[in-house]
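Peer 1: First, the structure itself, so that you have it in front of you.
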Amino acid sequence: MKNINPTQTSAWQALQKHYDEMKDVTIAELFANDSDRFAKFSATFDDLMLVDFSKNRITEETLAKLQDLAKETDLAGAIKSMFSGEKINRTEDRAVLHVALRNRSNTPIIVDGKDVMPEVNAVLEKMKTFSQAIISGQWKGYTGKAITDVVNIGIGGSDLGPFMVTEALRPYKNHLTMHFVSNVDGTHIAEVLKKVNPETTLFLVASKTFTTQETMTNAHSARDWFLKTAGDEKHVAKHFAALSTNAKAVGEFGIDTANMFEFWDWVGGRYSLWSAIGLSIILSVGFDNFVELLSGAHAMDKHFSTTPAEKNLPILLALIGIWYNNFFGAETEAILPYDQYMHRFAAYFQQGNMESNGKYVDRNGNAVDYQTGPIIWGEPGTNGQHAFYQLIHQGTKMVPCDFIAPAITHNPLSDHHQKLLSNFFAQTEALAFGKSREVVEQEYRDQGKDPAQLEHVVPFKVFEGNRPTNSILLREITPFSLGALIALYEHKIFTQGAILNIFTFDQWGVELGKQLANRILPELGDDKAISSHDSSTNGLINRYKAWRA
């Protein structure tokens, strides 16, 4: 990957001038001037997904200039570098190959002179065999009963991805009940343990090193709880499995290393649901559906790596995001799925985007003088409409939004889905076109009211519009289409990081707090007053000690 400051390119300078021409142009004007706008600014993927980006403050000239930026920063070279196994995570000297985990073509992918695909396929086969034994009831707990509940213990990528996918694919789930524990707050594990039976529960401990503080604290608490009933430590092997690479620590915990599922340094945590970390997904929806999830992602990988940039969906969405973040000053993006099963999707890509591109140092080690990753947030529709859409419609901040919905619901209950989708379509129309003062006044006349007598209310009912959105309409949310959608967002994030000259696949920002917590933890072991920190931290610790005494 080349290290090119995007602001030093001629394309960036051209975009700055273009912004000066575009900043006062409205979406309404763009539609009024082009009856073919939807056709020009939308695209489909495999007849499974329609991406409509026409309700954005862009023209064909805007996209051409953004594509020039991608060319000048050598995005094409960056894509080739990732897919070929080059160590593009330079701060950790690692390749970035989550695409290998879903490489259904089995084309060799080489890291350090070695094809990784045989190992990937071997772990998949091992997961298949294990999951089939659990799901079928062939695997028995220590009292001879089949497993009924699975508790995934992890944090970050070892939790957010599997939790999001198992929720999104709940219509495909089997008889096993899934639980997810992540927070080191004892309340999280305590509440889950109240719901399960030690005789019929399987714990998955997801930690590559088997040293992650939160995960191992929860795992040891789960083990202690289990042994209070089971008694004999040899029974741990029937109720615990590990998603890890530390065989020694796994064995010492009491887990049979035959039930340890490995993954590799070239798998980043927030891109790991495709790996052994996805075992909870397999146990929830079955191996065949997991393969469909992989296949959908692989199809998007092929689209991303082979489709010209002008028609490449992840690239188009990434470029539009850069346009708003760096030229319009938009600091956030909202992800708004109109599907209740997708209620964790925004939270998942909150980590995916903010941990990847929340960087202020470029690939040369210099502080940047431009915007990098946006703040990501969102909730399912229509809940959000009754919570934060007010600010999106009439606030002072630009919030570009992605609206996501399936055309076909898994629950065709009465006219629920038509009502849901009517809101999905209405919101992007309202955000784009708004409501003028003239329309508000005419509405009052139509009601037999005199607008002049309601002058004190009229301004508050005006919507400026011109709020940008993308609409992603899926035929249906299936394992395949979900895999493709997740990969679409992954590659959007990669594209933005590549163009913005930052390292997308490390996360040093999580380290400092961990280090300080490890220093503070021993200080909490007694009731002595602390004076080793700043006055604020000292004051907080000392009040905590006084109150707990």
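Positions of Cβ are set from backbone N, Cα and C atoms, glycine also.
Sharing the feature lines straight out of Swiss-Prot:
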type: ACT_SITE; residues: Glu355; note: active site, proton donor
type: ACT_SITE; residues: His386; note: active site
type: ACT_SITE; residues: Lys514; note: active site
Peer 1: Looking at Cβ-Cβ distances, which residues of the chain lie under 8 angstroms from Glu355 (active site, proton donor) while being 6 or more apart from it?
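Peer 2: Listed in sequence order: Gly156, Arg270, Gln507, Gly509, Val510.
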Peer 1: For Lys514 (active site), what is the tally of other C-beta atoms lying within 10 angstroms of its C-beta?
Peer 2: 12
Peer 1: How many whole Å apart are the CA atoms of His386 (active site) and Lys514 (active site)?
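Peer 2: Answer for this pair: 37 Å between alpha carbons.
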Peer 1: According to DSSP, does Glu355 (active site, proton donor) fall in a helix, a strand, or coil?
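Peer 2: In three-state terms, Glu355 (active site, proton donor) counts as helix.
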Peer 1: I'd like the Cβ neighbour count for His386 (active site), meaning other Cβ atoms within 10 Å of its Cβ, all protein chains included.
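Peer 2: Within a 10 Å radius of the Cβ of His386 (active site) lie 9 other Cβ atoms.
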